[in-house]
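Engineer: Take a look at the following structure, please.
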Amino acid sequence: MLNRFTAVTGIAQILRAQGFSTLLPQTDVSVLHSNGPSTVLNSKYQEGKDTLSTLCISKGCPGDPHPQSDNSSFALGQDSESEPALSFPPPSLQCYIHPSPLRFPSQAHRPGQLKQYYLLNAASLLPVLALQVKDGEKVLDLCSAPGGKALAIMQSASPALLCCNEPDLHRRDWLAKTLESFLPHSLKSRVIVSAQDGRSFGQREAGLYDKVLVDAPCSNDRSWLYSCNSQQGEQRLKERARLPSLQAQLLRSALLAVCPGGTVVYSTCTLSSFENFSVVETVLKDFPEAEAEDLWEEIAIPLSKYFTFSSNPGHGQTTQEATLKTQDASVSFYRHRLGILVVPQLGKSWGPMFLARIRTRK
């Protein structure tokens, strides 16, 4: 994912030369000023080590489902003297993908210098696309660390306010460092980092936000699905028994924080129906003024070339649709509206990623 707040022409040229292609329609980055080619990259997981990616790896879900919280907040800060001398291009989510897994060198955090792009699992962009942030809106990223989706929001729009909430101190420092590495000092009044407990955030700031993203802590199938660590897998399975309660609390809090007519997107990186569809279904029973929206035709069908989607296997749907480009009439709207799930598949190694969009009535 390219960073529109710094020069990227050289990077884009290198990526295209190496066989990368764009995931989404975008503005032509060749019109931007360039400081020349660069080979520096950022890893979401580690600094100073290579990271397996296809350029566009995932939010690591916290191990502790109940992190300690304080209620402080602080603004993004950065050395403005190191910002590139160019005007910011229009918002455009510029993501390059490669058909094969590749390794890229990561770039260490350097105060005052903006990184040119960010490595992430391409499926992590889908909740941001579903959120449909518009310029001038107030946006809450309720479980923001390590910050990839917050960056994607700032690449795709110019919100009046983006509140990035993370109660865990270590993860909050990680989040702040990520934002500092990609966003210019001039945005410090519009991008803030909050340390509130996400479960009670909505009660404290009820109805203040136009859009809310809940990228909830989960059993994180993505992290161990591709590893040989059986102990980690066993730990994730144990967490599944207690995580749905936390996830439901966070989603309820988000629905309280959003204004009438606003939008909440709930997402996880797990395959578990208990943490995905069931959480959405349970919470909707408590909010009669809220309604889940169908994302199948908006996201699943147009992006079927890159992702394998499933629609609510927990309610009788198989994990693989017979076809995506021509939707089967027998697939019910009810199943679609509870959310869609990106299922990892050989040759399409993106995900897992679940996302559901809920809109409140005005």
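For all residues, glycine too, the Cβ spot is worked out from N, Cα and C.
Keep in mind that TrEMBL annotations are predicted by a computer and have not been checked by a curator.
As annotated by TrEMBL, domain 'SAM-dependent MTase RsmB/NOP-type' applies to 28-361. Per TrEMBL, the feature region 'Disordered' maps to 61-87. Residues or ranges marked as S-adenosyl-L-methionine binding site in TrEMBL: Cys143, Ser144, Ala145, Pro146, Gly147, Gly148, Lys149, Glu166, Asp197, Asp215. Taken from TrEMBL, the feature active site, nucleophile applies to Cys269.
So that I understand the layout, could you describe where these features sit and how close they are to other parts?
Structural biologist: Taken together, the residues in the domain 'SAM-dependent MTase RsmB/NOP-type' (28-361) have a mean pLDDT of 77 on the 0 to 100 scale.
Using a 10 Å Cβ-Cβ cutoff, Asp197 (S-adenosyl-L-methionine binding site) registers 18 neighbours.
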Engineer: Within 10 Å of the Cβ of Cys269 (active site, nucleophile), how many other Cβ atoms can be counted across all chains shown?
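Structural biologist: So the Cβ neighbour count for Cys269 (active site, nucleophile) comes to 26.
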Engineer: Taking the residues Cys143, Ser144, Ala145, Pro146, Gly147, Gly148, Lys149, Glu166, Asp197, Asp215, which the record names as binding S-adenosyl-L-methionine, find the longest CA to CA distance and state it in Å to the nearest whole number.
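Structural biologist: The two farthest binding residues have Cα atoms 20 Å apart.
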Engineer: Do me a favour and check the Cα-Cα span between Gly147 (S-adenosyl-L-methionine binding site) and Cys269 (active site, nucleophile); whole Å is fine.
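Structural biologist: Pair distance, Cα basis, whole Å: 15 Å.
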Engineer: For the C-alpha pair, I'd like the distance in angstrom between Asp197 (S-adenosyl-L-methionine binding site) and Cys269 (active site, nucleophile), rounded off.
Structural biologist: 21
Engineer: I'm trying to understand the geometry here, so how far is the Cα atom of Lys149 (S-adenosyl-L-methionine binding site) from the Cα atom of Cys269 (active site, nucleophile), in Å to the nearest whole number?
Structural biologist: 13
